[in-house]
Every structure is written in C-alpha cells, then in structure tokens.
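Copied from TrEMBL, the annotated features are:
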| type | residues | note |
| --- | --- | --- |
| DOMAIN | 4-136 | domain 'MARVEL' |
| DOMAIN | 141-277 | domain 'MARVEL' |
| TRANSMEM | 12-33 | transmembrane segment |
| TRANSMEM | 40-64 | transmembrane segment |
| TRANSMEM | 76-95 | transmembrane segment |
| TRANSMEM | 107-126 | transmembrane segment |
| TRANSMEM | 138-161 | transmembrane segment |
| TRANSMEM | 173-195 | transmembrane segment |
| TRANSMEM | 210-231 | transmembrane segment |
| TRANSMEM | 252-271 | transmembrane segment |
Amino acid sequence: NLRALTSWVGIARLSAIVLSCLAFSLVASTGLFMGPYGTWCMFTWCFCFTVTLLVLLLELLELYPLLPLSWDDFTAAFSMLAALMVFTSSVVYPATFISSPCSSSQCARQAVASTASCLCFLAYAVEVSLTRAKPGDISSFLSTVPGLLKVFEAYVACLIFSLLDAYSGEPGLMWCVAVYSICFIFTLLIIIFTIGRCLTYIPCPLEKVLVGYNFLALLMYLTATILWPLYSFRGQSRPNSCGRDCSWNKHLGITFLTIFNLIAYLVDLVYSTRMVF
C-alpha cells in the first residue's frame, strides 16, 4: 500500500521519523543527556521514532488488520501522545542543557537537535489535524475532539505525578493527589478499552456514561484547583535560592497543570454533551 507513504499523513509520519532520528542522534553524539530530564528527552525521541516506524511499516505492508485492536483509535491516540511528548522535550531539553553563549560545536549540535525536535512536534501536530474526525464522523472515538482530549488529560496527569514530592500530612493536598489519581485511572481505562474494542461490552449507553464521568471529573478538578495552591503556598513565599528541583517551583507547576486539565475537562464535557444531545 504505497499510499501509506505518499499520502499527506504518510508524509507527516516520514517527516516525524527523520526528525526524531536526527534529534536523538545529535544529542547522543554530544553525550549531554544525563539526569532525569535528558533521559526523558532521549526516551521520547527514540520511542516516537520506533512506534512511528512500526506504524508506517504495518500500513505499508497492510498487516494492521491482523492486530486485535482498533487501528484508527490507536494511531490517533499515539499521534496525539507523541505530539505532547515531543513538545515537552522541545521545551525541556534546550532549557536544561543549552547554555548561553552558544559558541562551541557541541552547543550547535544541541541547538540543531532542539530545532529538529520542534519540527518533529509540528509533524505530529499535522498528523493529528489530518486524522481528526470530521463533525458527524464518530467511527473512531479517539480521533474526535473528546477522544484527543482524553489523551491530553492523561498526559497532563502524568506530568503532575512527575512533579509531586511532599504532600503527606496535609488532608487538602492528599485529596488533590486522590483526584489526580482517580481521574487518570479512569481516563486511561477509557483509552485502553477504546483501542482494545472493549467498550461495546459495557451494559449501558457509553455516550451518557462519558458525559457523567466528565462532569464528575470537572467537579473534582475544580476542588483541586482551589485546594492545591491554598495548601501548597499557605504561609510560604518563593525562596531566594530556588533551583531546578525546588519544591516551590514544582508546586507552582502542578498548579498550572491542574488548571490546564480543568479547562480540558470543561471542553471535553461541552463536546461530549453536544455529541450526545
């Protein structure tokens, strides 16, 4: 199936493969990717390169119908996840490893790798826009706006978990962590069941279940949006020496990520309600 390579979606995937390979190759040649941030960026580029290459080969050889999953849902969810992961790496890597002034050849390779990562994000964003379901087309749930938002919500929850450090002993903060965990688990189950074609076994109207879940998740995140900054910054100001791993900065990041997920669940609820009613 040569259309897997010649269509606009195929060209976007080919571009993502080349750019992600260029990014991790240049970073690997510098040897500067130690620590959790560098490891995350390298994993992102290698993971996206490998899975995108596998997707392209399966479509080229027309082997994907043999897989026991919903192929359209899988590719839609992966392209959205890859776009989010590469975008995060495009921000984290240069902010962490590129220092000013940038004059050495090593720094030039880091800058080119960061540029390739940004272009790779654009390639995945183009794929998401090309494969997104048109209004009225619900053959693939994860390619609709509510489906793509499910991937976004789960990914933001993962970012929140990566920033959590000290929250025990405060009932308000422990409630917020419970909100993040419960919503993440249910959202992830919806994604997995959709890809695995298991949603048809649910003995109740799926669309109305999703509306109800989105409404409850929105209420829970609303409480977390209020309680997390209230308990995290109560009686505390930003320390003068607040470095990369400063708890105050992490709590601030969680505050903004909570707001992002609150907005995502609100938009998700609006779109899901429109799809049902």
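Every residue, even glycine, has its Cβ placed from backbone N, Cα and C.
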Q: Look over the recorded stretches 12-33, 138-161, 173-195 and say which has the most C-beta pairs under 8 A to the transmembrane segment (76-95).
A: 138-161
Q: Using a Cβ cut-off of under 8 Å, list the residues of the same chain at least 6 residues beyond the transmembrane segment (210-231) that approach it.
A: 146, 153, 170, 172-173, 175-176, 179-180, 182-183, 186-187, 190, 251, 254-255, 258-259, 261-262, 265-266, 268-269, 272-273, 276
(Q) Quick test of the contact rule: Cβ under 8 Å, at least six residues beyond the ends. What residues does that give for the transmembrane segment (173-195)? (A) 69-70, 73-74, 77, 141-142, 147, 150-151, 153-154, 157-158, 160-161, 164, 167, 210, 213, 217, 220-221, 223-224, 227-228, 231-232, 258, 261, 265
**Q.** Non-local residues, at least 6 beyond the ends, that sit with Cβ under 8 Å of the transmembrane segment (252-271)
**A.** 144-146, 149-150, 152-153, 156-157, 159-160, 163-164, 176, 180, 183, 211, 214-215, 217-218, 221-222, 224-225, 228-229, 232
(Q) How about long-range neighbours of the transmembrane segment (138-161): same chain, 6 or more residues beyond its ends, C-beta under 8 Å? (A) 70, 72-74, 76-77, 80-81, 84-85, 88, 128, 131-132, 180, 183-184, 187-188, 190-191, 194-195, 199, 210, 214, 217, 253-254, 257-258, 260-261, 264-265, 267-268, 271-272, 275
